[in-house]
Number of protein chains: 2
Amino acid sequence: MEGYWLFLALLGSALLLGFLSVLFALVWVLHYREGLAWNGGAAEFNWHPVLIITGFVFVQGIAIIVYRLPWTWKCSKLLMKLIHAGLNTIALILAIIALVAAFDFHNHKAIPNMYSLHSWIGLTAVILFALQLVLGFAVFLLPFAPVSLRATVLPIHVFSGLVLFGTVIATALMGLTEKLIFALSPGNYSRLPEEGAFVNTLGMLIVVFGGVILWMATRPHWKRPLEQSTKSRQRNGGMLDGNEEGSTMTDGSNTDKSDVEFNSEASARKRSPKLDEAGQRSTM
Amino acid sequence: MEGYWLFLALLGSALLLGFLSVLFALVWVLHYREGLAWNGGAAEFNWHPVLIITGFVFVQGIAIIVYRLPWTWKCSKLLMKLIHAGLNTIALILAIIALVAAFDFHNHKAIPNMYSLHSWIGLTAVILFALQLVLGFAVFLLPFAPVSLRATVLPIHVFSGLVLFGTVIATALMGLTEKLIFALSPGNYSRLPEEGAFVNTLGMLIVVFGGVILWMATRPHWKRPLEQSTKSRQRNGGMLDGNEEGSTMTDGSNTDKSDVEFNSEASARKRSPKLDEAGQRSTM
(Lines of atoms letter the chains of each structure in order from A; the text may use other names.)
(Lines give C-alpha, C1' and ligand atoms only; values in the text may rest on other atoms or scores of the structure.)
Protein backbone atom coordinates (compact mmCIF):
# COMPACT_ATOMS: atom_id res chain seq x y z
CA MET A 1 0.00 0.00 0.00
CA GLU A 2 1.38 3.37 -1.08
CA GLY A 3 1.75 5.81 1.80
CA TYR A 4 1.07 3.12 4.39
CA TRP A 5 2.52 5.05 7.35
CA LEU A 6 0.61 8.20 6.46
CA PHE A 7 -2.53 6.09 6.22
CA LEU A 8 -1.80 4.62 9.66
CA ALA A 9 -1.16 8.07 11.13
CA LEU A 10 -4.43 9.40 9.71
CA LEU A 11 -6.36 6.35 10.85
CA GLY A 12 -4.91 6.80 14.34
CA SER A 13 -5.84 10.50 14.23
CA ALA A 14 -9.37 9.70 13.09
CA LEU A 15 -9.84 7.18 15.89
CA LEU A 16 -8.35 9.57 18.44
CA LEU A 17 -10.51 12.48 17.25
CA GLY A 18 -13.60 10.27 17.19
CA PHE A 19 -12.99 8.89 20.69
CA LEU A 20 -12.20 12.38 21.99
CA SER A 21 -15.43 13.73 20.49
CA VAL A 22 -17.48 11.02 22.22
CA LEU A 23 -15.55 11.60 25.46
CA PHE A 24 -16.11 15.37 25.26
CA ALA A 25 -19.84 14.80 24.66
CA LEU A 26 -19.99 12.54 27.73
CA VAL A 27 -18.01 14.92 29.93
CA TRP A 28 -20.24 17.77 28.75
CA VAL A 29 -23.51 16.14 29.75
CA LEU A 30 -22.17 14.35 32.86
CA HIS A 31 -19.97 17.09 34.30
CA TYR A 32 -21.43 20.37 33.03
CA ARG A 33 -25.08 19.35 32.48
CA GLU A 34 -27.71 17.17 34.14
CA GLY A 35 -26.23 13.75 33.35
CA LEU A 36 -28.05 10.98 31.49
CA ALA A 37 -31.47 9.52 32.28
CA TRP A 38 -34.73 8.66 30.50
CA ASN A 39 -37.18 10.73 32.51
CA GLY A 40 -38.52 13.36 30.14
CA GLY A 41 -36.17 15.96 31.63
CA ALA A 42 -32.96 17.63 30.51
CA ALA A 43 -31.01 14.45 31.33
CA GLU A 44 -33.07 12.62 28.72
CA PHE A 45 -32.36 15.30 26.14
CA ASN A 46 -28.66 14.82 26.87
CA TRP A 47 -28.81 11.44 25.15
CA HIS A 48 -29.37 13.43 21.94
CA PRO A 49 -25.86 14.93 21.53
CA VAL A 50 -24.16 11.85 23.01
CA LEU A 51 -25.86 9.39 20.63
CA ILE A 52 -25.59 11.64 17.58
CA ILE A 53 -21.87 12.16 18.09
CA THR A 54 -21.28 8.49 18.89
CA GLY A 55 -23.43 6.99 16.17
CA PHE A 56 -24.13 9.51 13.46
CA VAL A 57 -20.66 11.09 13.47
CA PHE A 58 -18.11 8.57 14.80
CA VAL A 59 -19.61 5.22 13.73
CA GLN A 60 -20.73 6.62 10.37
CA GLY A 61 -17.23 8.00 9.81
CA ILE A 62 -15.67 4.60 10.44
CA ALA A 63 -18.26 2.92 8.21
CA ILE A 64 -17.17 5.23 5.38
CA ILE A 65 -13.50 4.24 5.52
CA VAL A 66 -13.91 0.57 6.37
CA TYR A 67 -13.12 -0.56 2.79
CA ARG A 68 -9.83 1.33 2.97
CA LEU A 69 -8.30 -0.66 5.81
CA PRO A 70 -5.57 -2.70 4.08
CA TRP A 71 -5.89 -5.54 6.61
CA THR A 72 -9.42 -6.18 5.30
CA TRP A 73 -8.36 -6.58 1.68
CA LYS A 74 -7.93 -10.31 2.17
CA CYS A 75 -11.52 -10.56 3.43
CA SER A 76 -14.32 -11.15 0.94
CA LYS A 77 -16.04 -8.08 -0.44
CA LEU A 78 -19.36 -9.45 0.79
CA LEU A 79 -18.07 -9.48 4.37
CA MET A 80 -16.85 -5.91 4.02
CA LYS A 81 -20.19 -4.82 2.59
CA LEU A 82 -21.93 -6.44 5.56
CA ILE A 83 -19.62 -4.57 7.95
CA HIS A 84 -20.18 -1.29 6.05
CA ALA A 85 -23.96 -1.78 6.10
CA GLY A 86 -23.90 -3.01 9.70
CA LEU A 87 -21.98 0.01 11.00
CA ASN A 88 -24.31 2.35 9.11
CA THR A 89 -27.31 0.51 10.57
CA ILE A 90 -25.89 1.03 14.07
CA ALA A 91 -25.38 4.71 13.20
CA LEU A 92 -29.01 5.01 12.05
CA ILE A 93 -30.41 3.24 15.14
CA LEU A 94 -28.42 5.51 17.48
CA ALA A 95 -29.58 8.56 15.49
CA ILE A 96 -33.21 7.48 15.78
CA ILE A 97 -32.91 6.95 19.55
CA ALA A 98 -31.27 10.40 19.72
CA LEU A 99 -34.25 11.87 17.87
CA VAL A 100 -36.70 10.14 20.19
CA ALA A 101 -34.84 11.58 23.20
CA ALA A 102 -35.14 15.12 21.80
CA PHE A 103 -38.82 14.78 20.84
CA ASP A 104 -39.70 13.14 24.18
CA PHE A 105 -37.95 15.93 26.11
CA HIS A 106 -39.75 18.59 24.05
CA ASN A 107 -43.12 16.91 24.57
CA HIS A 108 -42.62 16.65 28.35
CA LYS A 109 -41.61 20.32 28.54
CA ALA A 110 -44.26 21.52 26.04
CA ILE A 111 -41.49 22.82 23.76
CA PRO A 112 -42.56 22.76 20.10
CA ASN A 113 -40.87 20.27 17.79
CA MET A 114 -39.41 20.87 14.35
CA TYR A 115 -39.21 24.64 14.38
CA SER A 116 -35.45 25.13 14.06
CA LEU A 117 -33.20 24.96 11.02
CA HIS A 118 -31.26 22.32 12.98
CA SER A 119 -34.38 20.14 13.17
CA TRP A 120 -35.34 20.69 9.52
CA ILE A 121 -31.92 19.71 8.18
CA GLY A 122 -31.36 17.03 10.81
CA LEU A 123 -34.62 15.18 10.18
CA THR A 124 -34.08 15.42 6.42
CA ALA A 125 -30.61 13.93 6.89
CA VAL A 126 -31.94 11.02 8.99
CA ILE A 127 -34.65 10.24 6.42
CA LEU A 128 -32.23 10.41 3.49
CA PHE A 129 -29.69 8.32 5.42
CA ALA A 130 -32.33 5.62 6.00
CA LEU A 131 -33.26 5.74 2.31
CA GLN A 132 -29.59 5.47 1.38
CA LEU A 133 -29.23 2.41 3.61
CA VAL A 134 -32.29 0.65 2.17
CA LEU A 135 -31.29 1.44 -1.42
CA GLY A 136 -27.70 0.39 -0.76
CA PHE A 137 -28.90 -2.90 0.71
CA ALA A 138 -31.25 -3.57 -2.21
CA VAL A 139 -28.78 -2.68 -4.94
CA PHE A 140 -25.38 -3.75 -3.57
CA LEU A 141 -26.08 -6.50 -1.04
CA LEU A 142 -29.05 -8.39 -2.46
CA PRO A 143 -27.98 -10.41 -5.50
CA PHE A 144 -30.75 -9.23 -7.85
CA ALA A 145 -29.51 -5.92 -9.24
CA PRO A 146 -27.88 -6.14 -12.68
CA VAL A 147 -24.35 -4.80 -13.07
CA SER A 148 -25.59 -1.89 -15.15
CA LEU A 149 -27.91 -0.76 -12.34
CA ARG A 150 -25.10 -1.05 -9.80
CA ALA A 151 -22.85 0.97 -12.06
CA THR A 152 -25.51 3.66 -12.35
CA VAL A 153 -26.32 3.79 -8.65
CA LEU A 154 -22.78 3.56 -7.25
CA PRO A 155 -21.63 7.14 -7.92
CA ILE A 156 -24.89 8.43 -6.46
CA HIS A 157 -24.51 6.13 -3.42
CA VAL A 158 -20.96 7.26 -2.75
CA PHE A 159 -21.62 10.95 -3.30
CA SER A 160 -24.78 10.88 -1.18
CA GLY A 161 -22.93 9.08 1.59
CA LEU A 162 -20.18 11.68 1.78
CA VAL A 163 -22.53 14.65 1.50
CA LEU A 164 -24.85 13.18 4.14
CA PHE A 165 -21.85 12.68 6.44
CA GLY A 166 -20.90 16.34 5.95
CA THR A 167 -24.50 17.43 6.46
CA VAL A 168 -24.71 15.45 9.71
CA ILE A 169 -21.59 17.23 10.98
CA ALA A 170 -23.04 20.62 9.98
CA THR A 171 -26.27 19.76 11.77
CA ALA A 172 -24.35 18.68 14.88
CA LEU A 173 -22.55 22.05 14.90
CA MET A 174 -25.91 23.84 14.71
CA GLY A 175 -27.15 21.66 17.56
CA LEU A 176 -24.15 22.49 19.77
CA THR A 177 -24.70 26.20 19.03
CA GLU A 178 -28.41 26.01 19.93
CA LYS A 179 -27.85 24.06 23.11
CA LEU A 180 -25.11 26.40 24.35
CA ILE A 181 -27.29 29.47 23.78
CA PHE A 182 -30.31 27.85 25.47
CA ALA A 183 -28.48 26.14 28.34
CA LEU A 184 -26.12 28.88 29.47
CA SER A 185 -28.02 31.60 31.31
CA PRO A 186 -29.06 34.47 28.98
CA GLY A 187 -26.02 36.17 27.55
CA ASN A 188 -23.60 33.96 29.44
CA TYR A 189 -22.31 32.15 26.32
CA SER A 190 -20.88 35.49 25.14
CA ARG A 191 -18.67 35.63 28.25
CA LEU A 192 -17.28 32.29 27.08
CA PRO A 193 -17.49 30.31 30.32
CA GLU A 194 -15.50 27.09 30.67
CA GLU A 195 -18.44 25.05 29.37
CA GLY A 196 -18.69 27.25 26.27
CA ALA A 197 -15.02 26.84 25.43
CA PHE A 198 -15.24 23.10 26.12
CA VAL A 199 -18.18 22.56 23.76
CA ASN A 200 -16.67 24.85 21.11
CA THR A 201 -13.62 22.58 21.27
CA LEU A 202 -15.90 19.57 20.82
CA GLY A 203 -17.28 21.24 17.69
CA MET A 204 -13.77 21.81 16.32
CA LEU A 205 -12.85 18.16 17.04
CA ILE A 206 -15.87 16.98 15.04
CA VAL A 207 -14.94 19.18 12.07
CA VAL A 208 -11.35 17.91 12.00
CA PHE A 209 -12.59 14.31 12.38
CA GLY A 210 -14.83 14.87 9.35
CA GLY A 211 -11.96 16.33 7.36
CA VAL A 212 -9.65 13.37 8.09
CA ILE A 213 -12.36 10.84 7.18
CA LEU A 214 -13.15 12.62 3.92
CA TRP A 215 -9.45 12.82 3.00
CA MET A 216 -8.88 9.11 3.66
CA ALA A 217 -12.04 8.20 1.79
CA THR A 218 -11.16 10.15 -1.34
CA ARG A 219 -7.52 9.11 -1.91
CA PRO A 220 -7.41 6.81 -4.95
CA HIS A 221 -4.21 5.02 -3.93
CA TRP A 222 -5.82 3.88 -0.66
CA LYS A 223 -8.66 2.16 -2.45
CA ARG A 224 -9.25 -1.55 -1.97
CA PRO A 225 -7.52 -3.19 -4.95
CA LEU A 226 -9.85 -4.68 -7.55
CA GLU A 227 -7.59 -7.61 -8.31
CA GLN A 228 -7.60 -9.03 -4.81
CA SER A 229 -11.32 -8.65 -4.33
CA THR A 230 -11.97 -10.25 -7.68
CA LYS A 231 -9.79 -13.17 -6.68
CA SER A 232 -11.65 -13.50 -3.41
CA ARG A 233 -14.91 -13.44 -5.35
CA GLN A 234 -13.55 -16.26 -7.44
CA ARG A 235 -12.77 -18.19 -4.28
CA ASN A 236 -16.31 -17.46 -3.12
CA GLY A 237 -17.74 -19.09 -6.22
CA GLY A 238 -17.84 -16.19 -8.62
CA MET A 239 -20.55 -14.34 -6.73
CA LEU A 240 -21.69 -11.32 -8.70
CA ASP A 241 -21.27 -8.30 -6.55
CA GLY A 242 -21.27 -5.52 -9.04
CA ASN A 243 -19.09 -2.49 -9.42
CA GLU A 244 -18.57 -2.27 -5.73
CA GLU A 245 -14.91 -1.38 -5.99
CA GLY A 246 -15.67 2.28 -5.64
CA SER A 247 -18.17 1.83 -2.91
CA THR A 248 -16.44 3.89 -0.36
CA MET A 249 -15.35 6.51 -2.83
CA THR A 250 -12.40 7.45 -4.93
CA ASP A 251 -11.16 9.94 -7.37
CA GLY A 252 -9.18 7.66 -9.56
CA SER A 253 -9.31 4.46 -11.44
CA ASN A 254 -7.66 1.36 -10.20
CA THR A 255 -4.38 0.38 -11.73
CA ASP A 256 -4.75 -3.33 -11.03
CA LYS A 257 -7.76 -3.97 -13.16
CA SER A 258 -6.32 -4.61 -16.59
CA ASP A 259 -5.39 -8.20 -16.00
CA VAL A 260 -8.49 -9.47 -14.29
CA GLU A 261 -11.38 -11.09 -16.01
CA PHE A 262 -12.65 -13.87 -13.82
CA ASN A 263 -16.40 -13.66 -13.98
CA SER A 264 -19.31 -12.25 -15.89
CA GLU A 265 -19.00 -8.92 -14.12
CA ALA A 266 -15.41 -8.47 -15.21
CA SER A 267 -16.39 -9.54 -18.71
CA ALA A 268 -19.23 -7.07 -18.74
CA ARG A 269 -16.82 -4.38 -17.64
CA LYS A 270 -14.40 -5.31 -20.38
CA ARG A 271 -17.17 -5.20 -22.96
CA SER A 272 -18.44 -1.92 -21.66
CA PRO A 273 -15.77 0.56 -20.66
CA LYS A 274 -18.54 2.99 -19.73
CA LEU A 275 -19.83 0.60 -17.08
CA ASP A 276 -16.33 0.06 -15.85
CA GLU A 277 -15.70 3.76 -15.65
CA ALA A 278 -18.95 4.30 -13.81
CA GLY A 279 -18.09 1.62 -11.30
CA GLN A 280 -14.44 2.45 -10.89
CA ARG A 281 -14.46 6.18 -11.03
CA SER A 282 -17.87 6.95 -9.86
CA THR A 283 -17.18 9.11 -7.01
CA MET A 284 -15.91 12.07 -5.07
CA MET B 1 -19.89 16.52 -23.54
CA GLU B 2 -21.55 13.50 -22.01
CA GLY B 3 -24.79 14.31 -20.20
CA TYR B 4 -24.85 17.86 -21.56
CA TRP B 5 -28.52 18.49 -20.84
CA LEU B 6 -28.23 17.19 -17.29
CA PHE B 7 -25.23 19.47 -16.83
CA LEU B 8 -27.25 22.42 -18.14
CA ALA B 9 -30.16 21.57 -15.85
CA LEU B 10 -27.87 21.36 -12.83
CA LEU B 11 -26.07 24.56 -13.76
CA GLY B 12 -29.44 26.29 -14.09
CA SER B 13 -30.48 24.87 -10.72
CA ALA B 14 -27.25 26.00 -9.07
CA LEU B 15 -27.64 29.53 -10.45
CA LEU B 16 -31.30 29.63 -9.43
CA LEU B 17 -30.53 28.32 -5.92
CA GLY B 18 -27.64 30.74 -5.56
CA PHE B 19 -29.66 33.76 -6.71
CA LEU B 20 -32.58 32.70 -4.51
CA SER B 21 -30.25 32.42 -1.51
CA VAL B 22 -28.92 35.94 -2.05
CA LEU B 23 -32.46 37.22 -2.63
CA PHE B 24 -33.70 35.53 0.56
CA ALA B 25 -30.82 37.04 2.52
CA LEU B 26 -31.69 40.50 1.17
CA VAL B 27 -35.42 40.12 1.84
CA TRP B 28 -34.60 38.89 5.33
CA VAL B 29 -32.53 41.91 6.34
CA LEU B 30 -34.56 44.49 4.37
CA HIS B 31 -38.07 43.26 5.11
CA TYR B 32 -37.85 41.41 8.45
CA ARG B 33 -34.83 43.15 9.99
CA GLU B 34 -33.34 46.62 10.21
CA GLY B 35 -32.15 46.98 6.62
CA LEU B 36 -28.58 47.74 5.59
CA ALA B 37 -26.36 50.58 6.80
CA TRP B 38 -22.84 51.14 8.14
CA ASN B 39 -23.63 52.79 11.46
CA GLY B 40 -22.47 50.35 14.12
CA GLY B 41 -26.02 49.15 14.66
CA ALA B 42 -28.02 46.07 13.71
CA ALA B 43 -28.26 47.31 10.11
CA GLU B 44 -24.47 47.16 9.88
CA PHE B 45 -24.44 43.62 11.22
CA ASN B 46 -26.94 42.71 8.49
CA TRP B 47 -24.17 43.08 5.90
CA HIS B 48 -22.65 40.00 7.52
CA PRO B 49 -25.17 37.38 6.32
CA VAL B 50 -25.77 39.18 3.00
CA LEU B 51 -22.07 39.34 2.08
CA ILE B 52 -21.26 35.84 3.35
CA ILE B 53 -24.09 34.29 1.34
CA THR B 54 -23.29 36.38 -1.75
CA GLY B 55 -19.53 36.02 -1.68
CA PHE B 56 -18.48 33.10 0.46
CA VAL B 57 -21.30 30.78 -0.62
CA PHE B 58 -22.56 31.82 -4.08
CA VAL B 59 -19.42 33.29 -5.70
CA GLN B 60 -17.18 30.62 -4.19
CA GLY B 61 -19.55 27.93 -5.48
CA ILE B 62 -19.38 29.32 -9.02
CA ALA B 63 -15.58 29.63 -8.76
CA ILE B 64 -15.45 25.92 -7.97
CA ILE B 65 -17.31 24.81 -11.11
CA VAL B 66 -15.95 27.39 -13.52
CA TYR B 67 -13.56 24.90 -15.17
CA ARG B 68 -16.51 22.62 -15.89
CA LEU B 69 -18.40 25.01 -18.18
CA PRO B 70 -17.97 23.45 -21.64
CA TRP B 71 -18.15 26.83 -23.36
CA THR B 72 -14.89 27.77 -21.64
CA TRP B 73 -12.98 24.76 -22.90
CA LYS B 74 -11.84 26.70 -25.96
CA CYS B 75 -10.38 29.41 -23.69
CA SER B 76 -6.81 29.11 -22.51
CA LYS B 77 -6.27 27.38 -19.20
CA LEU B 78 -4.45 30.48 -17.94
CA LEU B 79 -7.55 32.60 -18.52
CA MET B 80 -9.69 30.06 -16.67
CA LYS B 81 -7.23 30.00 -13.78
CA LEU B 82 -7.39 33.79 -13.61
CA ILE B 83 -11.19 33.64 -13.53
CA HIS B 84 -11.09 30.90 -10.86
CA ALA B 85 -8.63 32.88 -8.74
CA GLY B 86 -10.47 36.16 -9.40
CA LEU B 87 -13.83 34.81 -8.29
CA ASN B 88 -12.26 33.33 -5.16
CA THR B 89 -10.56 36.67 -4.46
CA ILE B 90 -13.95 38.40 -4.72
CA ALA B 91 -15.36 35.76 -2.36
CA LEU B 92 -12.57 36.43 0.16
CA ILE B 93 -12.94 40.22 -0.02
CA LEU B 94 -16.69 39.99 0.58
CA ALA B 95 -16.09 37.56 3.47
CA ILE B 96 -13.58 39.95 5.07
CA ILE B 97 -16.00 42.89 4.77
CA ALA B 98 -18.66 40.63 6.30
CA LEU B 99 -16.33 39.90 9.22
CA VAL B 100 -15.58 43.59 9.71
CA ALA B 101 -19.33 44.31 9.82
CA ALA B 102 -19.84 41.70 12.55
CA PHE B 103 -16.84 42.83 14.62
CA ASP B 104 -17.75 46.50 14.24
CA PHE B 105 -21.32 45.84 15.34
CA HIS B 106 -20.11 43.84 18.35
CA ASN B 107 -17.65 46.56 19.34
CA HIS B 108 -20.32 49.29 19.12
CA LYS B 109 -22.72 47.23 21.22
CA ALA B 110 -20.04 45.98 23.67
CA ILE B 111 -20.82 42.39 22.65
CA PRO B 112 -17.73 40.17 23.02
CA ASN B 113 -16.10 38.85 19.86
CA MET B 114 -14.99 35.32 19.08
CA TYR B 115 -16.87 33.46 21.78
CA SER B 116 -19.16 31.27 19.65
CA LEU B 117 -18.44 28.03 17.82
CA HIS B 118 -19.70 29.88 14.71
CA SER B 119 -16.95 32.48 15.13
CA TRP B 120 -14.23 29.90 15.89
CA ILE B 121 -14.96 27.81 12.81
CA GLY B 122 -15.83 30.81 10.64
CA LEU B 123 -12.59 32.71 11.32
CA THR B 124 -10.56 29.52 10.86
CA ALA B 125 -12.29 29.00 7.49
CA VAL B 126 -11.52 32.57 6.34
CA ILE B 127 -7.84 32.25 7.33
CA LEU B 128 -7.47 28.86 5.63
CA PHE B 129 -9.31 30.17 2.55
CA ALA B 130 -6.87 33.09 2.31
CA LEU B 131 -3.95 30.69 2.70
CA GLN B 132 -5.44 28.44 0.02
CA LEU B 133 -5.73 31.41 -2.33
CA VAL B 134 -2.13 32.57 -1.77
CA LEU B 135 -0.74 29.04 -2.12
CA GLY B 136 -2.86 28.40 -5.22
CA PHE B 137 -1.59 31.62 -6.77
CA ALA B 138 2.04 30.82 -5.96
CA VAL B 139 1.93 27.22 -7.16
CA PHE B 140 -0.53 27.21 -10.08
CA LEU B 141 -0.51 30.76 -11.48
CA LEU B 142 3.07 31.93 -11.05
CA PRO B 143 5.35 30.14 -13.52
CA PHE B 144 8.00 29.07 -11.00
CA ALA B 145 6.66 25.89 -9.44
CA PRO B 146 8.02 22.66 -10.95
CA VAL B 147 5.52 20.15 -12.31
CA SER B 148 6.30 17.74 -9.47
CA LEU B 149 5.36 20.36 -6.85
CA ARG B 150 2.14 21.15 -8.71
CA ALA B 151 1.33 17.45 -8.87
CA THR B 152 1.92 17.15 -5.13
CA VAL B 153 -0.08 20.23 -4.19
CA LEU B 154 -3.01 19.79 -6.56
CA PRO B 155 -4.90 17.05 -4.71
CA ILE B 156 -4.50 19.01 -1.48
CA HIS B 157 -5.66 22.22 -3.19
CA VAL B 158 -8.76 20.56 -4.63
CA PHE B 159 -9.68 18.68 -1.46
CA SER B 160 -9.14 21.74 0.74
CA GLY B 161 -11.24 23.84 -1.61
CA LEU B 162 -14.20 21.49 -1.45
CA VAL B 163 -13.96 20.93 2.31
CA LEU B 164 -13.62 24.67 2.95
CA PHE B 165 -16.70 25.27 0.79
CA GLY B 166 -18.62 22.72 2.87
CA THR B 167 -17.29 24.24 6.10
CA VAL B 168 -18.38 27.71 5.01
CA ILE B 169 -21.91 26.40 4.39
CA ALA B 170 -21.94 24.67 7.80
CA THR B 171 -20.76 27.93 9.42
CA ALA B 172 -23.46 29.89 7.60
CA LEU B 173 -26.09 27.49 8.96
CA MET B 174 -24.76 28.01 12.49
CA GLY B 175 -24.88 31.77 11.90
CA LEU B 176 -28.51 31.68 10.74
CA THR B 177 -29.39 29.60 13.82
CA GLU B 178 -27.65 32.05 16.18
CA LYS B 179 -29.17 35.12 14.61
CA LEU B 180 -32.71 33.69 14.66
CA ILE B 181 -32.41 32.80 18.35
CA PHE B 182 -30.95 36.21 19.25
CA ALA B 183 -33.16 38.35 17.00
CA LEU B 184 -36.56 36.82 17.60
CA SER B 185 -37.86 37.79 21.03
CA PRO B 186 -37.04 35.15 23.67
CA GLY B 187 -38.70 31.85 22.88
CA ASN B 188 -40.40 33.23 19.77
CA TYR B 189 -38.32 31.15 17.32
CA SER B 190 -39.92 28.03 18.80
CA ARG B 191 -43.36 29.29 17.72
CA LEU B 192 -41.90 29.38 14.20
CA PRO B 193 -42.98 32.85 13.10
CA GLU B 194 -42.96 33.73 9.41
CA GLU B 195 -39.40 35.07 9.69
CA GLY B 196 -38.22 31.80 11.27
CA ALA B 197 -39.69 29.69 8.48
CA PHE B 198 -38.31 32.10 5.88
CA VAL B 199 -34.75 31.93 7.21
CA ASN B 200 -34.98 28.14 7.73
CA THR B 201 -35.90 27.95 4.04
CA LEU B 202 -32.85 30.09 3.22
CA GLY B 203 -30.73 27.55 5.13
CA MET B 204 -32.20 24.67 3.16
CA LEU B 205 -31.57 26.53 -0.12
CA ILE B 206 -27.90 26.96 0.80
CA VAL B 207 -27.53 23.26 1.60
CA VAL B 208 -29.07 22.18 -1.71
CA PHE B 209 -26.93 24.74 -3.57
CA GLY B 210 -23.86 23.23 -1.92
CA GLY B 211 -24.94 19.71 -2.87
CA VAL B 212 -25.47 20.64 -6.54
CA ILE B 213 -22.08 22.40 -6.74
CA LEU B 214 -20.28 19.45 -5.15
CA TRP B 215 -22.00 16.98 -7.50
CA MET B 216 -21.08 19.00 -10.61
CA ALA B 217 -17.54 19.48 -9.36
CA THR B 218 -16.91 15.79 -8.74
CA ARG B 219 -18.25 14.21 -11.95
CA PRO B 220 -15.27 12.98 -13.99
CA HIS B 221 -17.07 13.13 -17.34
CA TRP B 222 -17.70 16.86 -16.88
CA LYS B 223 -14.06 17.63 -16.47
CA ARG B 224 -12.32 20.04 -18.83
CA PRO B 225 -10.67 17.79 -21.42
CA LEU B 226 -6.89 17.62 -21.24
CA GLU B 227 -6.44 17.41 -25.00
CA GLN B 228 -8.10 20.72 -25.79
CA SER B 229 -6.38 22.62 -23.03
CA THR B 230 -3.06 21.18 -24.08
CA LYS B 231 -3.73 22.28 -27.65
CA SER B 232 -4.64 25.75 -26.46
CA ARG B 233 -1.44 25.80 -24.43
CA GLN B 234 0.41 24.90 -27.58
CA ARG B 235 -1.25 27.80 -29.36
CA ASN B 236 -0.19 29.98 -26.44
CA GLY B 237 3.41 29.04 -26.97
CA GLY B 238 3.78 25.96 -24.85
CA MET B 239 3.33 27.75 -21.55
CA LEU B 240 3.99 25.41 -18.69
CA ASP B 241 0.98 25.40 -16.45
CA GLY B 242 1.32 22.22 -14.55
CA ASN B 243 -1.10 19.49 -13.70
CA GLU B 244 -3.95 21.90 -13.58
CA GLU B 245 -6.39 19.58 -15.28
CA GLY B 246 -7.83 18.42 -12.03
CA SER B 247 -7.85 21.80 -10.45
CA THR B 248 -11.50 21.96 -9.85
CA MET B 249 -11.77 18.34 -8.82
CA THR B 250 -12.55 14.98 -10.23
CA ASP B 251 -12.78 11.38 -9.37
CA GLY B 252 -11.58 9.94 -12.58
CA SER B 253 -8.85 10.05 -15.10
CA ASN B 254 -9.21 11.74 -18.40
CA THR B 255 -9.77 9.56 -21.42
CA ASP B 256 -8.32 12.02 -23.88
CA LYS B 257 -4.82 12.11 -22.55
CA SER B 258 -3.15 9.20 -24.29
CA ASP B 259 -2.50 10.98 -27.55
CA VAL B 260 -1.22 14.30 -26.30
CA GLU B 261 2.39 15.16 -25.80
CA PHE B 262 2.96 18.68 -26.91
CA ASN B 263 5.21 20.20 -24.34
CA SER B 264 7.57 19.47 -21.52
CA GLU B 265 4.73 19.07 -19.08
CA ALA B 266 3.08 16.38 -21.13
CA SER B 267 6.45 14.71 -21.63
CA ALA B 268 7.10 14.82 -17.89
CA ARG B 269 3.73 13.25 -17.34
CA LYS B 270 4.46 10.53 -19.83
CA ARG B 271 7.80 9.83 -18.22
CA SER B 272 6.24 9.77 -14.80
CA PRO B 273 2.85 8.09 -14.63
CA LYS B 274 2.76 8.87 -10.90
CA LEU B 275 2.91 12.58 -11.61
CA ASP B 276 0.26 12.20 -14.23
CA GLU B 277 -1.95 10.27 -11.86
CA ALA B 278 -1.45 12.85 -9.15
CA GLY B 279 -2.37 15.62 -11.51
CA GLN B 280 -5.23 13.93 -13.23
CA ARG B 281 -6.84 12.05 -10.41
CA SER B 282 -5.83 14.07 -7.52
CA THR B 283 -9.09 14.89 -6.11
CA MET B 284 -12.39 14.25 -4.50
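Even glycines carry a Cβ here, placed using N, Cα and C.
Residues or ranges marked as transmembrane segment in TrEMBL: A:7-30 (among others). Residues 1, 36, 43, 46, 49-50, 53-54, 57-58, 61-62, 65, 68-70, 195, 198-199, 201-202, 205-206, 208-209, 212-213, 215-216, 222 of the same chain lie 6+ residues outside the transmembrane segment (A:7-30) yet bring a C-beta within less than 8 angstroms of a C-beta in it.
For A:13-218, the entry in TrEMBL reads domain 'Cytochrome b561'.
Feature annotation from TrEMBL assigns transmembrane segment to A:50-70 (among others).
Taking Cβ pairs closer than 8 Å, the transmembrane segment (A:82-105) reaches residues 38, 40-42, 44-52, 54-56, 59-60, 62-63, 66-67, 72, 111, 113, 122-123, 126, 129-130, 133, 136-137, 141, 247-248 in its own chain, all 6 or more past its ends. Marked as transmembrane segment by TrEMBL: A:82-105 (among others).
Using a Cβ-Cβ cut-off under 8 Å and counting only residues 6 or more beyond its ends in the same chain, the transmembrane segment (A:117-142) has close neighbours at 56, 81-82, 85, 88-89, 91-92, 95-96, 99, 149-150, 153-154, 157, 160-161, 164, 167-168, 170-171, 174-175, 178, 241-242, 244, 247. According to TrEMBL, the feature transmembrane segment maps to A:117-142 (among others).
As annotated by TrEMBL, transmembrane segment applies to A:154-177 (among others).
Annotation source TrEMBL lists transmembrane segment at A:197-217 (among others).
The annotation region 'Disordered' is assigned in TrEMBL to A:225-284.
TrEMBL lists A:273-284 with the feature compositional bias 'Basic and acidic residues'.
Summed and averaged per residue, pLDDT over the domain 'Cytochrome b561' (A:13-218) gives 97.
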